[in-house]
Amino acid sequence: MSVHSEIKKITTETLRKMKFDKEKITMLTAYDFTTAKMVDAGGVDSILIGDSAANVMAGFETTLPITLDQMIYHTQCVVRGVERALVVADLPFGTYQSNPEKALESAVRMMKEGGAHAIKIEGGKEIEDSIRKIVNAGIPVCGHLGLTPQSIYQFGTYKVRAKEDAEAEKLIADCKLLEELGCFAIVLEKIPAALAKRASESISIPTIGIGAGQDCDGQVLVYHDMVGMNQGFSPKFLRRYLDLYTEVTGAVSQYVKDVKSSDFPNEKESY
Ligand code: KIV
């Protein structure tokens, strides 16, 4: 028996069962082979190639500029590093909103060329036909509600969403609709904890929260944020597990000193 066949791969069905068994689901982003390997080895259940790649990999202010080709490239890199986790890839802005045929085409490319196990798209009722079309083609879809960063120019701010009744009720209705359409999970971003709890209890598919409190069925964070690579980004919901920015800049400045002083390389480090 090969080593690979001993690893029990996480599937959308595994996530559904985890919700049923009240076992929390863990998800982190990754955008490259080496990080994906570490994140998978750390034991997360799912790896998301988020369009946050536009921010943390490419330095854009919003997620809007990243293209489908670029997301496919990141996904290919991640897939090569993953043995166990369910790999979910974002469809970027403009690749699924205009019509269901285009949405299916984008999702098929992400699965076929990227090698993703599932795709994630932002929105509820507005993109109902696109979700239906993708799910009917046999592609697992993860929804994304609440603060949906692809709509940032409509929102005007990254503040908490659905604090008002009307938006909260729409979010609950959208959760139920996404479940009905066959989505296997829903990311809930930056909404009040009480609303996320209500949403999680109102559907049988898992909710995965980011800034949505502890009653979601799982949690997701952006890898660069949780390992402390982003000094300038400190939302209340973020827990930093490392201070990699300080560690890495410290290591780099030590390397610079060592080279300048001819301490590196020494004899043992030479042939
Ligand atoms: O793009 C992303 O990283 C995301 C997560 C924040 C959920 O959508």
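Quick reminder: no glycine exception, Cβ is built from N, Cα and C everywhere.
Unlike curated entries, TrEMBL annotations are predicted automatically.
The number of other CB atoms found within 10 A of the CB of GLU189 (active site, proton acceptor), across every protein chain shown, is 22. Residues annotated as active site, proton acceptor in TrEMBL: GLU189.
When secondary structure is read from DSSP and collapsed to three states, GLU122 (Mg(2+) binding site) falls in the coil class. Using a 10 Å Cβ-Cβ cutoff, GLU122 (Mg(2+) binding site) registers 25 neighbours. For ASP51, ASP90, GLU122, the entry in TrEMBL reads Mg(2+) binding site.
Taken from TrEMBL, the feature 3-methyl-2-oxobutanoate binding site covers ASP51, SER52, ASP90, LYS120. The secondary structure of SER52 (3-methyl-2-oxobutanoate binding site), as reduced to three states from DSSP, is coil rather than helix or strand. Within its own chain, SER52 (3-methyl-2-oxobutanoate binding site) has THR29, THR63, PRO149, VAL222 as residues 6 or more apart in sequence whose C-beta sits under 8 angstroms from its own.
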What binding-site residues among ASP51, SER52, GLU122 have a C-beta sitting less than 6 Å from any atom of ligand 1?
ASP51, SER52
Where ASP90 (Mg(2+) binding site) falls in three-state DSSP terms:
strand
Give the sequence-ordered list of residues that share a chain with LYS120 (3-methyl-2-oxobutanoate binding site), lie 6 or more positions from it, and have CB atoms under 8 Å from its CB.
LEU48, GLY50, VAL88, ALA89, ASP90, LEU91, VAL141, CYS142, GLY143, HIS144, VAL187
Between ASP51 (Mg(2+) binding site) and GLU189 (active site, proton acceptor), what is the CA-CA distance rounded to a whole number of Å?
14
Any further residue of that chain within 8 Å (Cβ to the Cβ centroid of ASP51, ASP90, GLU122) of the recorded Mg(2+) site:
GLY50, THR63, LEU91, PRO92, PHE93, LYS120, ILE121, HIS144, PRO149, GLN150
